[in-house]
Amino acid sequence: MEAAQQKNESVMDYAPDWTQISVLFFVVMGGGVLASLSALALAGTVVLMLILTPVFLLLSPVILPVGAVIALAAAAFMAAVTIGIAGAAALIWVYRYARGQPTVGSEKIDRARVRLFEAAEKLKAQLQYKLFNENSKANFD
């Protein structure tokens, strides 16, 4: 008797409890519902393709040019909006830079301006030196 009771207890240790059974039930039911919905979507797609394919073939000489015009108009509109946004961002950057507010890249602009000014000063000095030397040679000749 004790061996049967011990065997029964060991089987009960591996038996699923109520929460595991309920989770399994809801997972199977949810999977079934989702599989049914996907089957309905597939059936609807097939039916619509069967109905609309002849209509599309009959109207394609009209639909394709209209679609191309709409696509080009949408692309042009998106390009115009993008260019407008870029222009507005550039104007905001210039406004902030002119007012002395911190802007992205202003350090590079300032360094380039200083380097350009230094190069201009150096070129000015070189030209003055050359002109002075040419004038002094002309005076001695």
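We number each residue from 1, going along the chain as drawn.
Glycine residues also receive a Cβ, built from the backbone N, Cα and C atoms like all the rest.
Among the features that Swiss-Prot reports, motif 'Proline-knot' is placed at 54-65. For the motif 'Proline-knot' (54-65), same-chain residues at least 6 beyond its ends with a Cβ under 8 Å from one of its own Cβ atoms do not exist.
Annotation source Swiss-Prot lists transmembrane segment at 23-43 (among others), citing sequence analysis.
Taken from Swiss-Prot, the feature transmembrane segment covers 46-66 (among others), and the record attributes it to sequence analysis.
Outside the transmembrane segment (74-94), and at least 6 residues removed from its termini, the chain residues within Cβ reach (under 8 Å) are 103-104. Summarising the annotation, Swiss-Prot assigns transmembrane segment to 74-94 (among others) and lists sequence analysis as the type of evidence.
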